[in-house]
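J.: Let me give you the structure first, and then I'll get to my questions.
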Amino acid sequence: MDTKTIAKAAAGLKGEVQIPGDKSISHRSVMFSALGSTPVHITNFLHAQDCLSTAACMKALGASVEFKSDTELVVTGNGLRGLKEPQTIIDAGNSGTTLRLMMGILAPQPFLTTFTGDASLHKRPMGRVIAPLSQMGAKIYGRQDNQKLPITIVPQAQKLKGMTYNSPVASAQVKSAILLAGMYAEGDTTVVEPFTSRDHTERMLEAFGVHTEKNGTAVTIHPVKEFNAPQEIEVPGDISSAAYWLVAGCIIPGSDLLLRNVGVNVTRTGILDVLKDMGADITLVNERTSGGEAAADIRVRYSKLHGTKFGAEIMPRLIDEIPIIAVAALFAEGDTVITGAGELRVKETDRLQAITDQFNKLAPGAVDGTEDGLVIHGGKPIQHAQAFSYDDHRIAMSLAILGAAGDGVTIENPECVNISYPAFYQTLDSLR
Ligand code: S3P
């Protein structure tokens, strides 16, 4: 088995980090550009496995995808109705965003598509997208009663019909899939969420000349004739990647970090609110807007943290950050209680289970798992241990920061960081 040992960072982490491009925005930049008809120059694209899966999908559907460097590419489509039938099965790899958003784009197309993915993606629930798209008239078939990969979309004679969908989950992937299908439907399509999820789809559609209407937690799209692609898209840095340095900076004594170019769209900044509430020393500087998205540099310095409590309402704003927030909670004084986090059970792995089983190896007795959350007892002794990543990038990176702040860790299957942050271990080394 492949392992990687991370040593304790005894002297704190210091320096600057250029945060890699946002994963959610990188996916959308390639997908939407491939639906335009003029070249789009994309910069600060996240060159990581998940986004490369999306680039390969769009190529298979007839778009031109030309990389100028790792993080810079030009995508040219054949128009909103110009996608071509793929000659072979489309592989979404490990990426739920690729698969779910592509289902929304492909459900209305006049050709057949079959999807596959890796072992993790085969276990994840796709019925949450297949059911609403089927209600609009799409014909989509999947394993286990139209729930799981492999999935085939069959062309249908009728146009899809717009509808109002009350989503049981706050999920940007579900919302985006329905809105994207709605562009091709007859009549308006509205998605209502229990709480507002990230709005990168709505913001980027605006850059392509497509207006959506927001009313509380509801978003409406009208049928769309064509995409007016922008010439340039600059992807801001990913706050979900910055999250590892935010927490490392807070909990490792002596740390002082400057995180450059972090996307701070308010639908993503739940981690800043929670860490500040725990007593973190975090300052935003150089606040600006880049390509319709808010961005800033963030300075973080070591400080004493205390436990906190949060639940369902803030969850969509920090859904991918729970593993690293759990690390912060281990180093805080008192208990941290997290509820309303049931969605974590259907991410790349069951993250509530992964956190409970693996973090307790390094901090015995510190984490109690509940059905929809975690209770973390801060301030328990932390020891070196060997722990498993479950091939989940966010579990691997959280374990690395836990080890660096504690007494070291040996991570089993460490390479999965390539899904979203290929330079992660190198960056950690450079900050010691
Ligand atoms: C994403 C939405 C979130 C998030 C995922 C990326 C997106 O998933 O966890 O990493 O790009 O839309 P859900 O919308 O399913 O919660």
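Glycine residues also receive a Cβ, built from the backbone N, Cα and C atoms like all the rest.
So TrEMBL says this about it:
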| type | residues | note |
| --- | --- | --- |
| ACT_SITE | D320 | active site, proton acceptor |
| BINDING | K23, G96, R124, Q173, R351, R394 | phosphoenolpyruvate binding site |
| BINDING | K23, S24, R28, S171, Q173, D320, K347 | 3-phosphoshikimate binding site |
| DOMAIN | 11-428 | domain 'Enolpyruvate transferase' |
J.: Measure between the Cα atoms of every pair in K23, S24, R28, S171, Q173, D320, K347, the residues the record assigns to 3-phosphoshikimate, and report the largest value in Å, rounded to a whole number.
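T.: Greatest Cα separation within the listed binding residues comes to 19 Å.
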J.: May I ask for the distance between K347 (3-phosphoshikimate binding site) and R394 (phosphoenolpyruvate binding site), taken between their Cα atoms and rounded to an integer number of Å?
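T.: Between the alpha carbons of K347 (3-phosphoshikimate binding site) and R394 (phosphoenolpyruvate binding site) there are 10 Å.
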J.: Work out the three-state DSSP category of R124 (phosphoenolpyruvate binding site).
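T.: R124 (phosphoenolpyruvate binding site) sits in coil per DSSP, no helix or strand.
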J.: Write out the long-range same-chain contacts of R28 (3-phosphoshikimate binding site), meaning residues 6 or more apart in sequence whose Cβ is under 8 Å from its Cβ.
T.: L101, S176, H200, T201, M204
J.: List the same-chain residues at least 6 positions away in sequence whose Cβ sits under 8 Å from the Cβ of S171 (3-phosphoshikimate binding site), in sequence order, or say none.
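T.: Within the chain, S171 (3-phosphoshikimate binding site) has Cβ neighbours under 8 Å at R128, E193, S197, P316, E343.
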J.: Any idea what the model's mean pLDDT is for the domain 'Enolpyruvate transferase' (11-428)?
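T.: It averages 98.
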J.: Counting distance between Cα atoms, which of the binding-site residues K23, S24, G96, R124, R394 is nearest D320 (active site, proton acceptor)?
T.: R394
J.: Near ligand 1, which of the binding-site residues show up if the criterion is a Cβ under 6 Å from one of its atoms? Options: S24, R28, R124, S171, R351, R394.
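T.: Passing the 6 Å Cβ check against ligand 1: S24, S171.
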J.: From the Cα of S24 (3-phosphoshikimate binding site) across to the Cα of R124 (phosphoenolpyruvate binding site), what is the distance in angstrom?
T.: 18
